[in-house]
Each structure stands twice: as structure tokens, then as C-alpha cells.
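As written in TrEMBL, here are the features:
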- 1-25: signal peptide (SIGNAL)
- 29-91: region 'Disordered' (REGION)
- 32-91: compositional bias 'Basic and acidic residues' (COMPBIAS)
- 123-195: domain 'CzcB-like barrel-sandwich hybrid' (DOMAIN)
- 198-270: domain 'CusB-like beta-barrel' (DOMAIN)
- 279-339: domain 'CzcB-like C-terminal circularly permuted SH3-like' (DOMAIN)
Amino acid sequence: MNMNTTKRYLIVVPALIALALGACGGSNGSPHLDEQGHEHEDRRSHGENAPHSESEKHEEGDRHETDKQSDVDTHDEETAHGETLRLTPEARDAAGLTIAPAGPSTLVETLLLYGAVVPNAERTRAVSARFPGMVRSVDVSIGDRVRQGAMLATVESNESLRTFAVTSPLDGTVINRFTNPGEQADREAMFVVADLSSVWVDLALYPRDRGRVQVGQSAQISAEGPLSALGKVIFVSPMSARETQSQTARVLLENVDGIWTPGLNVQGHVAIGEFAVSVAVPDAALQQIEDSTSVFVEHNGELEVRPVRVGRNDGRNAEILEGLKAGESVVVEGSFVLKAELGKGEAEHGH
């Protein structure tokens, strides 16, 4: 954007913001944010082809000029910044604008790793019969939730011929079953029961990133769809897998609702560093307007397009190196609506 552009003030009513949001689909019966809007209304009220006397045309032209200046006031003064929008309180509410001051912030450097959810091995038990014998009954299936002490199966001892119960050693979910009635039970596991109220996420850590991930770092885990949760790195393997040459960075994740199921592929953003910046804004505040990255700055009731130079960005907040001072009020939500309205105003101003 040319830093020396003509300043224009747009007084935007709620119906025009509704247009920017796409609430009005067609042009029939809908007001336009342009200098022709009143002309359209006059034509509809008087008829498209109705004749006019010279005096009527002169009076009508004067009315158009007065009406246009009430909605779009154009000034020829030059400014060091861009165009400015002036919105009514109703229009701001309709656009869903949120305004907050720019200021110091701490940005987080993250490392993206990929992996999968696995059961928490410290809360997983393989269950076998106390004595070898014949399996007489099986009372659970994979996926069943059981309480500690609940009967999983009955086995008739080969030696005593007495039947005894095989019970669950903890509250959890049956995640594996290896037996059926009539089979022989011995020292091998008959069931695997896991407490899935917490799970592990095993992330693959490759040699190029070795040493950057440490126990205690936070990790944002996400999967396809809306699944996202914050966990902590609890373990970094001292060994590398021979096949992949990767280490395992393990994250502990709370799973009370059971939404993180073992086997689910995930990605993790591990926080590996933090840095303080003197001026930052939310990433959503930034808009690409012509050739510049810009923000909308509130000043004296107006919203000014302000080109800025952006530094580091952690995906949530962006460092501002030039163009904005700490304490200045910035549109942090809804700036895309203003950009769309500005684009419409510029296009219609050119007619």
C-alpha cells in the first residue's frame, strides 16, 4: 500500500456491515455502499424511464450530492497512513469487532512432531489365571469397562478341580482378550485391562531435533477435527529405534472423557523456547491490504488502516517491529470484515 494515499472516511451503517458479512445475497432491494445508492432508490421511486424537467434534474442532483456526503465524506488531505473507516456503534456490534491495546507479550517457539496415542503402561495390567486349568466362562469382551475386583472369567483348576474367578486388578477398560470358554488357561495373559483416564502420546524425535526436547516442556496435542489438549513431556528415550533412527518423546495427557483413544495418530507442538517482545498483536489482527501487512488502529473514534512490519510469529501472536506503538488500540477480532468493506468502498469509489 502506498503510504501517501488519500484519506477517506466511511460512515458505515449496520446494514452495510451485513453486506460485508454476506447476509444480503442479491442486489434487488438491497442498499449499496457506493455513491450510486441514492440514485437507485430515486429511480425505483420515480420510474426508470420517467421524464424530468431541467429544474427537476437540477434539484435532484443537489439532493444526491447532499445524500452522498452523509454516507461517504471524501477529503483531499494527505496522510502518512492509509484510509480510515468511521463506524457507528451499531455497525461495530454487527461486525463483531473486538478492540484491545497492543503491548508486550511472550511468544512461544514450538517444534512440530508426529506420533500416536498409546495406553499409559503404568496403568495397564495383563491378567492371567492363578492356576492352570480349563476356562469355564468368560464374562467380558473388548471395550467393556470394569471395576477393580470384577469377575472377568472362571477357570477350573487342573489339580484341585475347583473353579475360581479371574478378576480385574484395577478400574479400567478391557483392551485385549486372549481366551474363550473351553480353552486351557496357563501362565499367559487372558486379558489386558487399562485405565484410560490418562494416556501417553509417543512422538517421534529425529536426530536433527535431538536435544531440543526436554522433560517438563509443555506440548499441545491435536488430532484431525476439533481434538486438542495440553500435556507435558514426561520422558525422552535414551535409545534410538534402529529402523527409523528416531527417539521417543512421551507426553502425558489427561483423558477423563475418553476422547483420546489408543492408536489415534496425532501431532504435537512442543514448546522448546520463549522470547519476550515489546509490541505484539494477535495473529488475527493482521490483514494483507494491497502490498502491505496492516492492522486497523482506533484513533479518535475512527479505524485507521496502519501498515506494519512484522517480526516473529508463533501462530497465535505476532511481533510488530515498526508501525505500531505499545498501548495503541487495535482491532483484534473482526478485522477481515473491515478489510472486505474497505475493498468494496475502494472499488465503488473508482466508478
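Quick reminder: no glycine exception, Cβ is built from N, Cα and C everywhere.
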Take every residue in the domain 'CzcB-like barrel-sandwich hybrid' (123-195), average their pLDDT values, and give the whole-number result.
97
So how many of the residues in the domain 'CzcB-like barrel-sandwich hybrid' (123-195) end up helix, strand or coil by DSSP?
1 helix, 36 strand, 36 coil
Please list the DSSP helix, strand and coil residue counts for the domain 'CzcB-like C-terminal circularly permuted SH3-like' (279-339).
8 helix, 37 strand, 16 coil
